[in-house]
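**Student:** Right, I'll just put the structure down here and ask away after.
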């Protein structure tokens, strides 16, 4: 199924098929614009360890390091036009990720929600699932293919379409906090939190459309630091990493740990 899988390695994973959401902003690294090659290498190595552990990995990438449609719409650009430009930015990032992944010997497929036949396959749900079953990393670009929808919503949608076990939101921080830990020394990290509390407290894990999609299908979400070595594999193997957002009424609503 995957690059190095055997029955023992795959059975040890808490999450077998995952949708990894990466922000375009995170690709900036120390730059003010564009793509930091060091960040690409880090992400490629993290995904490789996950695939080697037996996981099926699909990725949705944002485009905020290149173009943010919402911001330009606020400055006067037509919103739909700006959003389509943002979709193109996600494809640039998707191609960069594809190259980085292939440089560490991962087999990839880049799929686009809008037609770009020379550089990407069209998004076809059954084809994407088949790629995952064969151990290929599938990168989804161009968001949902529609304006007015964020790449977080694209991640929720694609995660549901490919029957992912969980949506993993890889960020530059260690999870969801009660306050900004860099500004508030008393800030605590949520170890786990019910999705309704995320909505009620407006914790901005994802936009409301994305959260609603996850809520309706009880799709769990984990917010974690993608830049910490082996975090992705540790998470897949069941270690407590980041913040787990769940929809299970039987679980404790929240659990916090010091930042």
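Every residue, even glycine, has its Cβ placed from backbone N, Cα and C.
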**Student:** Given that Swiss-Prot annotates 63, 144, 145, 146, 147, 148, 149, 150, 151 as binding UMP, state which candidate in 83, 163, 165 belongs to that site as well.
**Tutor:** 83
**Student:** Kindly assign residue 144 (UMP binding site) to one of the three DSSP-derived states: helix, strand or coil.
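**Tutor:** Note: residue 144 (UMP binding site) is coil by DSSP, not helix or strand.
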**Student:** Check the binding-site residues 144, 146, 150, 171 for other C-beta atoms within 10 angstroms of each C-beta and report the one with the most.
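**Tutor:** Top count of Cβ atoms within 10 Å goes to 144.
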**Student:** Going by Cα-Cα distance, pick out whichever of the binding-site residues 21, 171, 180 is nearest to residue 144 (UMP binding site).
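**Tutor:** Result: the closest of the binding-site residues to residue 144 (UMP binding site) is 21.
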**Student:** Please identify, from the binding-site residues 63, 64, the residue with the sparsest Cβ neighbourhood, meaning fewest other Cβ atoms within 10 angstroms.
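**Tutor:** Lowest Cβ count within 10 Å among the binding-site residues (63, 64) is 64.
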**Student:** Distance between residue 180 (ATP binding site) and residue 150 (UMP binding site) at the Cα atoms, whole Å?
**Tutor:** 23
